[in-house]
Amino acid sequence: MSPQTETKASVGFKAGVKDYRLTYYTPDYETKDTDILAAFRVTPQPGVPAEEAGAAVAAESSTGTWTTVWTDGLTSLDRYKGRCYHIEAVVGEENQYIGYVAYPLDLFEEGSVTNMFTSIVGNVFGFKALRALRLEDLRIPPAYSKTFQGPPHGIQVERDKLNKYGRPLLGCTIKPKLGLSAKNYGRAVYECLRGGLDFTKDDENVNSQPFMRWRDRFVFCAEAIYKAQAETGEIKGHYLNATAGTCEEMIKRAVFARELGAPIVMHDYLTGGFTANTSLAHYCRDNGLLLHIHRAMHAVIDRQKNHGMHFRVLAKALRMSGGDHIHAGTVVGKLEGEREMTLGFVDLLRDDYIEKDRSRGIFFTQDWVSMPGVLPVASGGIHVWHMPALTEIFGDDSVLQFGGGTIGHPWGNAPGAVANRVALEACVQARNEGRDLAREGNEIIREASSWSPELAAACEVWKAIKFEF
């Protein structure tokens, strides 16, 4: 072996296993503006110190492996390694800690959510030293977020396209979600749109099944949109689900939607994958299509409080990957969602600059540097009695989506849509007049129902419906 080779590969190398904290726990590190910062909820195995567990997360999600390797000498570990720079105990929880990890920007491919997640959460969650691990939040630096296109259009461009301002948008998921023929499906779409809704929606698992192939559904839904627009004088849309088994098929469906003149398509971004979603978002911007995002499968990832990933991280990732709408819970309906935490990630979707606020689960200040915003969609077990609370909680820049709360109306789809539109307009007018929606909401709905028989019928049907489990 030549002396030169010894210097590169052998000198200073000592085989064996050493504690991660000796290399990856760096409490004196000052984070850089270009670092991606992560907050992990760490539950170590019994006997594993918190510092070692935090350092293990930093190591296994960046440059580390289980043993010392001689090839470490061929690069600069100090430049590329992740660093656990702070650990704090979680108040009220035994043996749980928040570990803060800083990742150098060079570890990540530009414009790739796929690569970012593969690095940060791809392997470390199965690590034996950890009983459980949850990614609570990420700080995406402008140096990285500017490598992404983001949403195809954003909130303001969507409002301009639709010519609708000063109120939340109204939607409806067509039910039953599976089993209708394409023509009957289109009829249901038409009735909802002519009744006053802005959008109707394919459910997440409506793709191209034997009872209703995608092309037939797209054609009948386009016919319904044009007919409803002609009758109401308003711009309408239906979320045509382009999700498919391959990216090529997905784009083919989006192309056909554009050829029909549809204003919006839809994608299941978690089951479809971030690479597919980003590809579709780029196509939508280039071709003037809005993109509605469904979060099917999210609860598999985010529901456990000590393991997985909080939805605020998935929401940030979606804003980077691209989408104009995303489902965000309701706070008041059938699906789980705590108010302050929900509003925290709603702000992360819509706003340009969001301050750190631990009471709302926001661990880092996030600057999106003018990346377009995403409309949060409230959907799941909501009806007309929820309208005041939804209007107050989500504000104007949102989509309120009533599936059963429209199609379950005793008089049919169109009266169900009328009831929702009247309830929304009443709440917006009351709010603009200075009334308190949280305190006077039921009274506002009753007043409106006195002159709207459709709303009165809806109020009677759902007056006692609650989801308390």
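Note that Cβ sites are derived from N, Cα and C of the backbone, with glycine treated the same way.
Neighbour list (N123 (substrate binding site), Cβ cut-off 8 Å, at least 6 residues apart, same chain): E60, S61. The annotation substrate binding site is assigned in Swiss-Prot to N123, T173, K177, R295, H327, S379 on the grounds of sequence analysis.
Every protein chain considered, the tally of other Cβ atoms within 10 Å of the Cβ of K201 (Mg(2+) binding site) stands at 29. Residues or ranges marked as Mg(2+) binding site by Swiss-Prot: K201, D203, E204.
Look at Swiss-Prot and you will find P3 tagged as N-acetylproline.
Per Swiss-Prot, N6,N6,N6-trimethyllysine is recorded for K14, and the stated evidence type is sequence analysis.
According to Swiss-Prot, the feature N6-carboxylysine maps to K201, an assignment based on sequence analysis.
Annotation comment: Swiss-Prot describes K334 as site 'Transition state stabilizer'.
Cα spacing between S379 (substrate binding site) and K201 (Mg(2+) binding site): 11 Å, rounded to the nearest whole number. Closest to K201 (Mg(2+) binding site) by Cα-Cα distance, out of the binding-site residues T173, K177, R295, H327, is T173. Distance from the CA of H327 (substrate binding site) to the CA of E204 (Mg(2+) binding site) is 11 Å.
Packing around S379 (substrate binding site) is summarised by its Cβ count: 25 other Cβ atoms lie within 10 angstroms of its Cβ, all protein chains included.
Apart from K201, D203, E204, the residues listed for Mg(2+), the same chain places the Cβ atoms of T173, I174, K177, D202, N205, V206, Y239, N241, M266, H294 within 8 Å of the centroid of those Cβ atoms. Geometry remark: D203 (Mg(2+) binding site) versus K177 (substrate binding site), CA distance 6 Å. Spread of the substrate binding residues is 36 Å (greatest Cα-Cα distance among N123, T173, K177, R295, H327, S379). For the binding-site residues K177, H327, counting C-beta atoms within 10 A of each C-beta gives the highest total at H327.
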